[in-house]
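Novice: Pulled these features from Swiss-Prot for this protein:
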- LYS42: ubiquitin cross-link (CROSSLNK)
- LYS84: ubiquitin cross-link (CROSSLNK)
- 99-272: domain 'CRAL-TRIO' (DOMAIN)
- SER302: phosphoserine (MOD_RES)
Amino acid sequence: MVTQQEKEFLESYPQNCPPDALPGTPGNLDSAQEKALAELRKLLEDAGFIERLDDSTLLRFLRARKFDVQLAKEMFENCEKWRKDYGTDTILQDFHYDEKPLIAKFYPQYYHKTDKDGRPVYFEELGAVNLHEMNKVTSEERMLKNLVWEYESVVQYRLPACSRAAGHLVETSCTIMDLKGISISSAYSVMSYVREASYISQNYYPERMGKFYIINAPFGFSTAFRLFKPFLDPVTVSKIFILGSSYQKELLKQIPAENLPVKFGGKSEVDESKGGLYLSDIGPWRDPKYIGPEGEAPEAFSMK
C-alpha cells in the first residue's frame, strides 16, 4: 500500500516503463518478479513501513539485489534508516546551497533538458574541478548535502515531469561526465567526495542510472575499463560508454541536437541572464505543461 498523498502524486504521471525497457521494470515483469514484488511489499508492511512502497521504488531495490527479496528488504531498511538520520525527507526545504553559483565555476554539475528516451540529462565536468577554490566557499559535507538535495529533486520533480512529457515512466537519468583537462592531481583531490557520492548513489538511490557517457577520456582509459568489465554487472556495463575527444556523434545518437549544449556539439544555447548553462536548470520540470501536483522544482539557491 501507499499513503493517500503518495497515491494522488503517483496517479499524476505514468507508472509503466515502455515495452522495450529492461526486464524487471514496471510494466515488464514476469510471474516470478511479480511474486517477489508482492512478497517484498508484504514484508515491509509487516515491518511497519508505510511510505515509498510503490512498485517503481520496490522494483529498483529488487533489481539492485537480483530479485533476492531478503537482500532487497535489508537494502530498503538501511535506506530508510539513513533517510531518517540524514534528514532526507525534509532536505529540499531545510538545505540551501547559496554558494552554488560560485561552485559552478570550479566544479560544474548541472541538469539540462532530456535525451531521446525522455531522461533528464546530467552533466558533470570533472576535468574542470578546482578544489583549492572550492574549499574557500564550501565543504565536502555541504557538497554531499547538495548531492542528496539534487537526488530528491530528481525523484520528486524532474522524473515525474519527464514521465508526463515522455508519456511513459522515466526512472533514470542520462549522465555525461566530461574529463577534459583532467589530471591525476585534480582527480585525486576530489576522490573522497566522489567515493562518498558513489556510496550514496548505489546504496540509497539504486537503479537510477540509465546511460552513462564518459567523454574526453584520457589515453588508456578505455583499455583500463575493458580490464575491469569482466568483474562488473553486464547490465551496468551495457549502460556505460567510454569516449575520447570525438564523442559528438555518439552523444547525438542519444540526445537530440536541440537538447545538447553547443559546447558539446549540439544546438542548445542558454541566455546568461537566465543563469547560463550551469544554473538555468532547463527541462520539462520547468514547463507548466508537465508540472503536476508537486509544483515546480525548487532552487537550491537564490538567483537574486
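Each residue, glycine too, has its Cβ placed from N, Cα and C.
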Novice: Using C-alpha atoms only, work out the spacing between LYS42 (ubiquitin cross-link) and LYS84 (ubiquitin cross-link) and round it to an integer in Å.
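Specialist: Just about 22 Å between their Cα atoms.
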Novice: What is the average pLDDT across the domain 'CRAL-TRIO' (99-272)?
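Specialist: 92, rounded to a whole number.
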Novice: Note down the number of other Cβ atoms within 10 Å of the Cβ of LYS42 (ubiquitin cross-link), including every protein chain shown.
Specialist: 12
Novice: CB neighbours of LYS84 (ubiquitin cross-link) within 10 A?
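Specialist: I count 10 other Cβ atoms within 10 Å of it.
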